[in-house]
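TrEMBL lists 94-149 with the feature coiled coil. Marked as repeat 'TPR' by TrEMBL: 226-259. The annotation region 'Disordered' is assigned in TrEMBL to 539-678. According to TrEMBL, the domain 'Signal recognition particle SRP72 subunit RNA-binding' annotation covers 540-596. The feature compositional bias 'Basic residues' is assigned by TrEMBL to 560-570, 662-678. Annotation comment: TrEMBL describes 572-593 as compositional bias 'Basic and acidic residues'. Per TrEMBL, compositional bias 'Low complexity' is recorded for 607-641.
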Amino acid sequence: KMAAAAGAAAAAGLWSEVNRCGQNGDFARALKSVNKILQINKDDVTALQCKVVCLIQNGNFKEALGVINTHTKVLTSDVIAFEKAYCEYRLNRIESALKTIQSASQQTDKLKELYGQVLYRLERYDDCLAAYRDLIRNSQDEYEEERKTNLSAVVAAQSTWEKVVPEDLGLREATYELCYNSACALIGQGKLNEAMKKLQKAEELCRQSLSEDSDVTEEDIEAELAIIHGQMAYIMQLQGRTEDALQLYNQIIKLKPTDVGLLAVIANNIITINKDQNVFDSKKKVKLTNAEGVEHKLSKKQLQAIEFNKALLAMYTNQADQCRKLSASLQSQSPEHLLPVLIQAAQLCREKQHAKAVGLLQDFADQHPANAAEIKLTMAQLKIAQGSVTKACMILRSIEELQHKPGMVSALVTMYSHEEDIDSAIEVFTQAIQWYQQHQASQTRGANPKSPVHLSLIREAANFKLKHGRKKEAISDLEELWKQNPKDVHTLAQLISAYSLVDPEKAKVLSKHLPSSDTMSLKVDVDALENSHGATYVRKKAGKLTGDNQQKEQGQGEVKKKKKKKKGKLPKNYDPKVTPDPERWLPMRERSYYRGRKKGKKKDQVGKGTQGSTTTGSSELDASRTASSPPTSPRPGSGAAVSATSNVIPPRHQKPAGAPATKKKQQQKKKKGAKGGW
């Protein structure tokens, strides 16, 4: 009895210690006291619960879950359901946490809060939204603001990942978290300018909120603003302002934020900006996307986008095996997704294996008919790149859901025209027109009104046939158009023009339907038209005529002034007694008396013999012996060998014997081309 009493007294003291430590937040010391209590009574339910709570508070979730699983007989699901589910949630065992919550006999408020978080992590946004609405409706405590923030986060996720138009929840955006979530919802809707304003407001509210705390430094504020700045940079990137976005992304990375999810998203976005350029920087950024815990911070679509970009980067850096490995892994995870197959096909094309790439795409199209259209468009592009335009047309025509689309019809007609296959081009028009006829007949129950697209196709078909000389085929289309709109004068004119080449009598009959010239005449103010802005001819406004001006104007009406012709300038060396050279307009080489230039004349006359000796013709080259030579030698490159006042014409510029005189101007131009002086 005395031993039992002593043990009870010791346990009471230990419980007092546990209570005191718990109130002070010293859970490490509290855990020691709890362990001592369990040594006295290992199946004490309260002590086991306290131990689990202490371990959770210390962040030892795995050990806490181990305690729960070891003592399942004592710690039943009714007693410890929340703690067990919370440990599983923090250990990223989300599915297990959901089962634990759902198996609890009583759904407490704590379990409902955790249930909302679990649903959000599982991306079950509709159920999550309903859970938080129920919590907000039935709870009144100091955590109401946090619940509203979580509710707005769910709405933002729906808008971003499921493209659901968010409903107005009527939340007052009094905190920066609410403003941030509202901005994310606007980004999902494509309202980028509005989203940017919301983010700027969120930044302002964040600064105000954190600056009130004296312990918060500027670095702490910048770290908290990092996620807001990341979304701002993302908006800039979507708007095409890639330089601004890149600068802001790099500023955030320099801050070294602790959020690995934020760093991974920013690194991925930088890689998308770099594309096939700056691949070394991209390879560095990829390491940030491989950080531990990233997979638990991002949504499935974000993680998938990062993996796609890794495969593309491997392709751009010529890592063919790595690219194939990543794309194959992605395809096994998402067999119906297009991108892994397209990446594999692109890699094969880089290796010049176009036929294999087309075969790969064809296999995917056969296995997934729902995505066949996009795959076949890619196949057609590959065929065009190989020069197989006709095969590309066959692939495009096999896409039944796009056959009648105006864009597809236009592309096929252009390609067939390029191949000079006019019959196939007309067949494309015919099939598209028939599709619209059948489709509209089924919708209008036998009535046959033509839609604008249908009429446009008929008109384009008629114009194409007229252009390529298929008058008879074009006439039926034009008659159909005129039947739909008898007041269409343009169509009637085309029809008459076509019939005039085939059946002139029919053209005459139809021409009676043309409006008369009287009805066609328009009342036009000619003066107003001429004086209008943009007129090619503007009549000058007549001013007031007085005195002599009036007499001049009257005189101009009687006699037209004759323009005086200016006399042409004659050459300076023109001699009226000498007949001009009839070949003076021909180049020198084409004249009958041209004998070619004598090459090597200077070499024969100058520089021969021993050093210092002169040739017999040296006196002729002495400019100082001519009376008209200038007192100083000309500057090098001037080309002026003879004074302008000299009447002496050098022998090489004299007119050949028996030939008419040439222009002196031509001779001077030739002299200017020489280097140096005489």
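Counting begins at 1 with the first residue displayed.
A Cβ is built for glycine as well, from the same backbone N, Cα and C atoms used for every other residue.
Cβ atoms under 8 Å from those of the repeat 'TPR' (226-259) belong to residues 176, 180, 183-184, 187, 192, 195-196, 199-200, 202-203, 206, 219, 265-267, 269-270, 272-273, 288, 297 of the same chain, restricted to positions at least 6 beyond its ends. Note: the compositional bias 'Basic and acidic residues' (572-593) comprises 3 helix, 0 strand, 19 coil (DSSP; helix = H, G, I, strand = E, B).
For the repeat 'TPR' (226-259), DSSP puts the residue distribution at 26 helix, 0 strand, 8 coil. Looking just at the coiled coil (94-149), the mean pLDDT is 90.
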